[in-house]
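Some notes on the structure that comes next.
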Amino acid sequence: MATAASAFAAQVLRGRWFMAYGSFLIMSAAGATYIFAIYSKDIKATLGYSQEQLNTVGFFKDVGANVGIHAGLVAEVTPPWVVLAVGAAMNLGGYLMLYLSVTGRVRPAPPLWLVCLYIAVGANSQAFANTGALVTCVKNFPESRGVMLGLLKGFVGLSGAIFTQLYLAFYGPGGGGDTRPLILLVGWLPAAVSVAFLGTIRIIRAPRSPAAARREYRAFCGFLYVSLALAAFLMVAIILQKRFLFTRAEYGVCAAVVLSMLLVPFAVVLREEAALFKKNTPEAQAAEDYTEPSTATVAATKPVPEPSPVTSKPTTAVGARLLAALRPPPRGENYTILQALVSVDMLLLFTATVFGVGGTLTAIDNMGQIGESLGYPPRSIATFVSLISIWNYLGRVAAGFASETLLARHRLPRPLILAAVILLTVPGHLLIAFGVPGSLYVASVAIGFCFGAAQPLILASVSELFGLKYYSTLYNFCGTASPVGSYILNVRVAGRMYDQEAARQGAVAAAAGKGVTCIGVRCYRESFLVITAVTVAAAVVTAALAWRTREFYAGDIYAKFKEGTSTSSGDAIGEDRVEVQPPKEQL
């Protein structure tokens, strides 16, 4: 009996489901950049910054959080635990130095550029956590990548609210006092969670039968129900905490409930591993299912490469070699990084992300000033931010599950679903542009939901169109599109037009004692009409991508990952796969 129990415990700890659970916890602690607004006022006060200097710190925080190509390149040549370890070190080092600077333990006070470097390094750890956990999960569950991406990105969306509850419990009540300890919490907690699962997050080759695939979907539904319950509790807690004055003990109870709900998914892990354990009672069979096959086995599943006609020639023109290197394989196969970056499909997807997601980021970043310009009270503005956070989560999980279902049952191209999501943001942008009374509540819900829904759709499309071998790098490349769009639409369009209108109103605003602040519908009308136009254009571009890929999505795009297919293991983990057929030319 003891032997069976120890064998089951070993299977759980080495299995794919515990790996997925560890990834969920890492993601739930990987959204520290979302709570910058809570402690930014203490950075400004203790370091004596102006608002412009504080905005500079915030900009470097956003750059660090979104630029992760180097994290992808590291993941291409190292196992996931190295990526997570690097991210944990960056998180602890960056935020710890920021904490020491803000609390005055570093003398003299560091210059602005050094503080920007600290927060950029700390925020950049988020890219390493995403790459180490999220990319590994996609490779371990290739047939359910949309669902997996929705869940993982959903937990990231909830992480800001989770951190807020922990901060209020540890340093409350009220959350209106010294927020500098929150910087220390942001520094050590995500690093500790990543370190705790260093040995868990890894590639696990496990071909699944159709029956196992059905059980897999049931397990994901179990994770979904728990995350929905957690989101509902967080939303209720946020509303109650804004209406009533909580005591320290009451904040502690809320935090305890949040932590308990994060442990509930482990029951799903035990249920799934128990079902597998019954089918694989011999220890040898269990070990075979959850360890990598031998080199001989992997080699046997690969076809023998045929001699290349290009390499048989003693001399070949450099141009011909370059063209051969750039010629893409069929969609769904493993593209090289260069082949993916120069492909028309990637250009369309990147452009759609820049202008489609960039518009929603502009609305989210300016929601406080939009509410102020339209005359909403501060309590309502705080509600907008909470609504965006919760609906951001709901959009991510809804898009992940719905797109997977539509793809499996109706062969609906994922880019087509993305085009519909981008188009759904247009009403939200128009409500902001025309300042319809009371409509900002609706706009915040629509924009938050669509911003969240776009994330798993974009990332799943990248993995499906360009393969999984270099997914770490390509995933992070697409991640840079959002800040590019935010800079173009937020800084160059919305920010400039806001300043022009504020300058026109400057004399009146200064006389009222408010400083140069823009008031009225005109502050954002022209900029959001521009954002609406480019959003529609982004939806058209995405629809063009859906048209180009319709034949690819009409087939079984996950056939190579199913049990009994000779190429399943290699593609599932991103190994080289030799092509014996000439690639089809793609326009």
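Along the chain as shown, the residues are counted starting at 1.
Any Cβ shown, glycine's included, is placed from N, Cα and C.
If you look up TrEMBL, you'll see 16-269 marked as domain 'Nodulin-like'. Residues annotated as domain 'NFD4 C-terminal' in TrEMBL: 341-554. Positions annotated as region 'Disordered' by TrEMBL: 287-314, 565-587. Sequence annotations record features per position, and here TrEMBL assigns transmembrane segment to 18-39, 81-100, 147-170, 182-205, 217-239, 251-270, 337-364, 376-394, 415-434, 440-462, 528-547.
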So what's near the transmembrane segment (18-39) in sequence-distant terms, Cβ-Cβ under 8 Å and 6+ beyond its ends?
12, 58, 61-62, 64-65, 84, 91, 95, 122-123, 126, 129-130, 132-134, 136-137, 140-141, 148, 151-153, 155-160, 162-164, 167, 175, 179-180, 182-183, 186, 189-190, 193-194, 196-197, 200-202, 204, 223, 262, 265-266, 268-269, 273, 385, 389
The transmembrane segment (251-270) versus listed stretches 81-100, 147-170, 182-205: most Cβ pairs under 8 Å:
147-170
Among the ranges 81-100, 147-170, 182-205, the one whose Cβ pairs under 8 Å to the transmembrane segment (217-239) are most numerous:
147-170
Can you give me the average pLDDT across the domain 'NFD4 C-terminal' (341-554), rounded to a whole number?
87
Contact set, same chain, for the transmembrane segment (147-170): CB under 8 Å, 6 or more residues outside the stretch:
20, 23-24, 27-32, 34-35, 38, 130, 133-134, 137-138, 141, 179, 181-182, 185-186, 189, 217, 220, 223-224, 227, 230-231, 234, 237-238, 241, 246, 248, 251-252, 254-256, 258, 262, 386, 389-390, 392-394, 396-401, 404, 452, 455-456, 459-460
